[in-house]
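Enquirer: Have a look at this one before I ask anything.
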Amino acid sequence: KMAAAAGAAAAAGLWSEVNRCGQNGDFARALKSVNKILQINKDDVTALQCKVVCLIQNGNFKEALGIINTHTKVLTSDVIAFEKAYCEYRLNRIESALKTIQSASQQTDKLKELYGQVLYRLERYDDCLAAYRDLIRNSQDEYEEERKTNLSAVVAAQSTWEKVVPEDLGLREATYELCYNSACALIGQGKLNEAMKKLQKAEELCRQSLSEDSDVTEEDIEAELAIIHGQMAYIMQLQGRTEDALQLYNQIIKLKPTDVGLLAVIANNIITINKDQNVFDSKKKVKLTNAEGVEHKLSKKQLQAIEFNKALLAMYTNQADQCRKLSASLQSQSPEHLLPVLIQAAQLCREKQHAKAVGLLQDFADQHPANAAEIKLTMAQLKIAQGSVTKACMILRSIEELQHKPGMVSALVTMYSHEEDIDSAIEVFTQAIQWYQQHQASQTRGPKSPVHLSLIREAANFKLKHGRKKEAISDLEELWKQNPKDVHTLAQLISAYSLVDPEKAKVLSKHLPSSDTMSLKVDVDALENSHGATYVRKKAAKLTGDNQQKEQGQGEVKKKKKKKKGKLPKNYDPKVTPDPERWLPMRERSYYRGRKKGKKKDQVGKGTQGSTTTGSELDASRTASSPPTSPRPGSGAAVSAASNVIPPRHQKPAGAPATKKKQQQKKKKGAKGGW
């Protein structure tokens, strides 16, 4: 009995210590006291609960969950449901946390708060919105502002990821968190300028709020503002201000924020700006997207976008195997998504396997008819790149939902015209016009739509351009029927009938307006003062005084320019008739007999430099007029003319220095040798 009494007294002392440490927030010391209590009674429910709470407060969620799971008989779901669900939530076991909350017999306020957080992480935004509305309606405590912030975050997520138009919750944007969430909702709606103003207001409120605390440094404020600045940079990027966005992104990275999710998003956005340029920077940035815990910080669509960009980066850096691996993994996760198969096709095209790429796209289009339109457009582009325009047209015409669209009709007509297949081009027009006729007949019997009339007019113009006037007549009659006052259409119709049925053309010509009704009221003064008459007016202003009188008297007499007499040859003889073949080359003239063979014109320069031809002597009298050469240094001044003769082909022009030419020749030879 004395031992039991002593144990009870010790336990009471330990409980007092636990209570005191809990009030002081010293959970590490409280845990030691709880462990001592459990040594006395290992199945003490209160002690086990306290131990779990202490471990949670110290961040040891895994150990706390282990204790809950090993003492299930004592710690039932009714007793410790919140603690168990919270540990699972913090360990990113979100599905398990949801099951724990739903299995609890009593839904306490704490469980409802956690339920809202779990639904947000599971991206079940509609259920989450309802949960927070219920909490705000039925709760009155100091955490109302936090609940409103969470509610605005749900609305922003709906606007961003589900493209739901957010309803006005009537929340007073008194905190920077509420302003930030409101800005995110506006970005989801595409209202970028309004979103930027909200972010600027959020930045101002954040600075005011944090500057009131004397312990907060400027670095702490900048770290808190990082997420706001990141969203500002994102808006700049969407607006096309990529340089400003890139600068702001890099400033945030230099701050080294602790939020791995923020860093991953910024790194991904920088990679999208770089595209296929600056790939080394992109390879550095992609490491930030692989940080531990990123997958728990971002939404599914954000993570998917990052994986897509990783695959594209692998393609741009010629890592074909890595690109195929990533795109195949993405396709297995989202079989109906377009991007993975488009990336695979792009990689095959880079490897010059166009046929295989088209086959891959065709298989996807067959398996997913809902997404076939975009895939077939890509297939047509590949066919055009290969030069198979007709096959590309066949693929485009197989997209039924786009056949009648003006853009598709225009593209097909242009391509068929390029291939000179006018019949197929006219068939495209006919099918599109028929679609609008059937569509309009099923809805209303009123006048034809502007798009329908525009297609008829384009078809008529196309047929007229290519000489199909008989086929154009029906289209023109339809247009004139819709608008009998259209003179242009009537004129086209008369022109077409004039070649087919002249009598009909005469009858229709009576509907043309008379010349009196077509007279134009022209303001002459306004026409002269217009921009086009400026040059004429300036020239007219120069005619003053005598010149003006002269112009009035002589009328439109222009001054003739004197022609210069052509120069005649020096040996021109006016008594001799010029050779009629003088303009032809000598070889093409009728009297040309060719050069005489057998006579050697000159005997000089046939041998080596400076030597004379064998068997003949040079005549000094024939070279007396040759320019003399300077004697070499040390040689006699009196040298016979015959010994100083230079062959004509080796002679230098008079006055040209010999040494300069030799130096140039040396330089030229040196250049050839690679000096």
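Cβ coordinates are placed from backbone N, Cα and C, and glycine is handled just like the others.
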Enquirer: With TrEMBL as the source, identify the stretch among 94-149, 206-261 annotated coiled coil.
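Expert: My reading of TrEMBL: the coiled coil range is 94-149.
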Enquirer: Which numbers of helix, strand and coil residues does DSSP report for the repeat 'TPR' (226-259)?
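Expert: Helix/strand/coil tally for the repeat 'TPR' (226-259): 26 helix, 0 strand, 8 coil.
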Enquirer: Of the residues in the compositional bias 'Basic and acidic residues' (570-591), how many are helix, strand and coil by DSSP?
Expert: 3 helix, 0 strand, 19 coil
